[in-house]
Amino acid sequence: MPKVRTKDIIEQFQLELVSGAEGIYRPITTSDLSRPGIEMAGYFAYYPAERLQLLGRTELSFYETLTPEEKRARMQRLCTDITPGIIVSRGLDVPPELIEASERQSVPVMRSTMKTTRLSSRLTNYLESKLAPTTAVHGVLVDVYGVGVLITGKSGVGKSETALELVKRGHRLVADDCVEIRQEDEDTLIGSAPELIEHLLEIRGLGIINMMTLFGAGAVLPHKRISLVIDLELWDPEKQYDRLGLEEEKMKILDIELPRLTIPVRPGRNLAVIVEVAAMNFRLKRMGVNAAEEFSARLSDAIEEGERD
């Protein structure tokens, strides 16, 4: 799992570090946040100390009603050796008892001018993106008519050449050769290129070319949701290929199954056009239009009419 540290949160959201600077390299292992309201009342039985703690106006206004002894006790229990950080929102004053306890336990205390709800939402989205399960797939990812198409297949089958032709036809390259994929949701896979090979495409005989330099910024994308997998394979005359499109193959990446099409490759086939049509047909299916099923229904009706005659 990728590591996120408190220091990354400070830099990403431009937080003010108030105290506990020694702990800014503590790891953040979950995207869940905690607003320790009931803990301020003294109930720590289920205190999620491993989460980022977020203190807003509600928590701090209740905190001000406590006695000095209770204030010190609450903050000492709030700051543990596994707490990645405590953030005070709305630019509110940080209680001196919190500063004292955080320095003792090296728990970073930060302050943000954002409203609590907005800060919570942005933190959650950022952490879910950074802590999402990841994998890498050998292939090419292209944005075709707004559909993220992952082109797979053995080396030399023509994946990069197909991507080059697609870019020339106005589509956008996301990644070539190695596609880093992260699962951001129960049904969402996001693909991107490793930083080392971003915007680069390898063509046998030409070498490595920079697609952004060659075709402009509109020819590339930093990341794209993957919706369709197209597997290119050399034409096997002994194999029966799907000619109707009624049976839908699936490919599982991480915990998500994606629709997959197997396209046989042989000289004379325009793969770029086939990929374009596959992407458009995929969009039509999502809109409820399935040409294969319509043909099958018409064929069944024709057979029934013939039998009656």
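Even glycines carry a Cβ here, placed using N, Cα and C.
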Range among 102-107, 156-161, 264-269 that Swiss-Prot annotates as region 'Important for the catalytic mechanism of dephosphorylation': 264-269
Sparsest-packed of the listed binding-site residues (Gly153, Gly156, Gly158) - C-beta count within 10 angstroms: Gly156
Near-site residues: ATP, ref Gly153, Lys154, Ser155, Gly156, Val157, Gly158, Lys159, Ser160, CB cutoff 8 A to centroid: Leu232
Among His138, Lys154, Lys159, the most crowded of the recorded positions [Cβ within 10 Å]: Lys159
Cβ neighbour count within 10 Å of Glu202 (Mg(2+) binding site): 13
Cα-Cα distance linking His138 (active site) and Ser155 (ATP binding site), given in Å to the nearest integer: 9
Length of the line joining the Cα atoms of Glu202 (Mg(2+) binding site) and His138 (active site), in Å: 13
Least Cβ-crowded entry, counting other Cβ within 10 Å, from the binding-site residues listed as Ser155, Ser160: Ser155
